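Let me begin by presenting the structure, written as structure tokens, before commenting on it.
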Amino acid sequence: MTYAYDDQNVFARILRGEIPNDTVLETGMSLAFNDIAPQAPVHVLVIPKGPYVCYDHFAAEASDAEIVDFTRTIARVCEMKGLEDGFRVISNAGEHGVQEVPHLHVHILGGRVLGRMLAKG
Ligand code: AMP
């Protein structure tokens, strides 16, 4: 697969400091911030700072250090938000995944029973 990264996407602009964000946690390689339109009491987005379009791009091409940092950031957010009762991690990709922002992000959702994973149809 080849991936074309658009550096004008909103998360790239957040990473460059061009628009604000509600930061939950920042590391050298990752940023976690609250979603601007939360769909659950906890709705945090975690992004790598590197220019990766989607999850498979990151999984295929990121360095080991980036992958470890990103994964550990997800764990730290889950702990910070007290998600012992459960949560959902989602990463939308591409047209069929209905990805709106073409910079890899996972949604961490929790704080209530979330219902089934996919609506039928
Ligand atoms: P997706 O469909 O997986 O690409 O979801 C993109 C998510 O980014 C949505 O949940 C939006 O509410 C969220 N979002 C878009 N712009 C911002 C922003 N400036 N700050 C925080 N979250 C945002």
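Each residue, glycine too, has its Cβ placed from N, Cα and C.
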Exercise for review: Among 53-57, 88-92, 103-107, indicate the range for which TrEMBL gives the feature motif 'Histidine triad motif'.
Suggested key: 103-107
Exercise for review: Residue list, the motif 'Histidine triad motif' (103-107) vs rest of chain: Cβ under 8 Å, 6 or more residues beyond ends.
Suggested key: 5, 9-12, 35, 43-48, 51-55, 57-58, 74, 88-92
Review point. Hey, what's the Cβ neighbour count for His105 (active site, tele-AMP-histidine intermediate) at 10 Å?
Key: 25
Review point. If you run through the domain 'HIT' (10-119) with DSSP, how many residues end up as helix, strand and coil?
Key: 30 helix, 25 strand, 55 coil
